[in-house]
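Engineer: Please find one structure pasted underneath; my questions will follow.
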Amino acid sequence: MSQLEHNIGLSIFEPVAKHRANRIVCTIGPSTQSVEALKNLMKSGMSVARMNFSHGSHEYHQTTINNVRAAAAELGLHIGIALDTKGPEIRTGLFKDGEVTFAPGDIVCVTTDPAYEKVGTKEKFYIDYPQLTKAVPVGGSIYVDDGVMTLRVLSKEDDRTLKCHVNNHHRLTDRRGINLPGCEVDLPAVSEKDRKDLEFGVAQGVDMIFASFIRTAEQVREVRAALGEKGKDILIISKIENHQGVQNIDSIIEASNGIMVARGDLGVEIPAEKVCVAQMCIISKCNVVGKPVICATQMLESMTSNPRPTRAEVSDVANAVLNGADCVMLSGETAKGKYPNEVVQYMARICVEAQSATHDTVMFNSIKNLQKIPMCPEEAVCSSAVASAFEVQAKAMLVLSNTGRSARLISKYRPNCPIICVTTRLQTCRQLNVTRSVVSVFYDAAKSGEDKDKEKRVKLGLDFAKKEKYASTGDVVVVVHADHSVKGYPNQTRLIYLP
């Protein structure tokens, strides 16, 4: 059946899926930092708690981490914790009077001369990027205050100064962000603040880093180096926020553990109408190689102050699911919004509805046909297990995986049932929260003293499937694991009727 034939058969009157495949990342802020508020978010569907290090002190984020862990422990859940770096930025300096109002047609000079750093005026103000005059050509654009004000470069006055035409009315205040669309920007991946924040994150045992403004694969490696030996197991999710990141996406995906399509800054750096194309392309590339991908920014933004989303926002979330995103993310909606629980519940319901419109077997075949032959043995076993799950209409898949690699490989092939991963590592439980369809179960090997008893772990997973109503007595569950003679990858697939 083709995708078109599948779409024709869709019905709003059919029951929705029993499980939600897509995961939800929630930004934690004043509206949701308390233990009680976090418990409500978790009950509503939050999978990962995001801390935005562009705001707040280490003490503030320490409180968030403690509260997330306390709330998760009370509910018996494994919630991932993500540190979102501020990243390298270009900003204006200070204005002599604190602010300046510009009108269309005004002429202003922007300079990298430190003498103007704290004394900006309507005629001339400072930008803290030394390579500005080399990066932006005559005729190019400078976006000020996250793109709200646009300058067109008229001429290069000297090695530090550009003369610009103001395109629109705007009141500009101190330390506003600068974007240079279409320009090659040479900034370090890890600022001094980022370095301190990453050290803090490693010390606190965060599960993943959302690395901001990644432009090249080398910058991903810089972030990895900054995490050091103690942070070697932390996932790096690279945020694509500019045209260089889009241009170098293949190598960035290869160097990263996952990708975030950060549509806010991306929609400033490239034309807004091209963001949908970039989103679909990036998500598809991640799907083919099996890397988790998050779609973020303005997904249900109206719910920051309204109890219901707009129809366009509902379609936006659904479209991200249809594109193939593993996760969808909420920012201000949960950090400072009036309706944090409602927005997560809405997002969860939208994701479940959108699942019904995905043609899983078409996705499976498309991904498999794009793989290089020969496959590695582990991937061959996992892809064959997914094929079996489709053929027997399995209600769940069960995999034993300490690192989570096998669970991610199974997820890559997009089975239309939940993937239950039994693991002996708590960090793996939390990190798998950015991978589509995966639900983790912790097996405490130290407590049981049965680290090598695979049948006990299989039983734990089957009992969990029954308890959580993923499957019922008589349903088929596909089980993937290694036998005792093989180390490092699974080599067995079993079909079990749930007792």
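Cβ atoms are placed via backbone N, Cα and C, with glycine included.
Pasting the feature list from Swiss-Prot:
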- Arg50, Gly264, Asp265, Thr297: substrate binding site (BINDING)
- Asn52, Phe53, Ser54, His55, Arg91: ATP binding site (BINDING)
- Asn52, Ser54, Asp84, Thr85: K(+) binding site (BINDING)
- Glu241, Asp265: Mg(2+) binding site (BINDING)
- Lys239: site 'Transition state stabilizer' (SITE)
Engineer: Run through Asn52, His55, Thr85, Arg91, Gly264, Asp265 for me and report the binding-site residues whose CA is within 10 Å of the CA of Glu241 (Mg(2+) binding site), in sequence order.
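Structural biologist: Gly264, Asp265, listed in sequence order.
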Engineer: Distance between Arg91 (ATP binding site) and Lys239 (site 'Transition state stabilizer') at the Cα atoms, whole Å?
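Structural biologist: On Cα coordinates alone, these residues lie 19 Å apart.
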Engineer: Can you tell me the CA-to-CA distance separating Phe53 (ATP binding site) and Gly264 (substrate binding site), as a whole number of Å?
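Structural biologist: Taking the Cα atoms only, Phe53 (ATP binding site) lies 16 Å from Gly264 (substrate binding site).
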Engineer: Please give me the recorded positions out of Lys239, Gly264, Asp265, Thr297 that lie within 10 Å of Ser54 (ATP binding site), comparing Cα atoms only.
Structural biologist: none
Engineer: Cα-Cα, whole number of Å: Lys239 (site 'Transition state stabilizer') versus Gly264 (substrate binding site)?
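Structural biologist: Lys239 (site 'Transition state stabilizer') to Gly264 (substrate binding site), Cα-Cα distance: 11 Å.
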Engineer: Does DSSP put Thr85 (K(+) binding site) in a helix, in a strand, or in coil?
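Structural biologist: Assignment for Thr85 (K(+) binding site) reads coil.
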Engineer: Over all shown protein chains, what is the count of other CB atoms within 10 A of the CB belonging to Arg50 (substrate binding site)?
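Structural biologist: Total other Cβ atoms inside 10 Å, all chains included: 26.
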Engineer: At the level of the C-alpha atoms, what whole-angstrom distance separates Thr85 (K(+) binding site) and Arg50 (substrate binding site)?
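Structural biologist: That separation, Cα to Cα, works out to 10 Å.
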Engineer: Of His55, Lys239, which of the recorded positions has the most Cβ neighbours inside 10 Å?
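Structural biologist: When each Cβ's neighbours within 10 Å are tallied, Lys239 leads.
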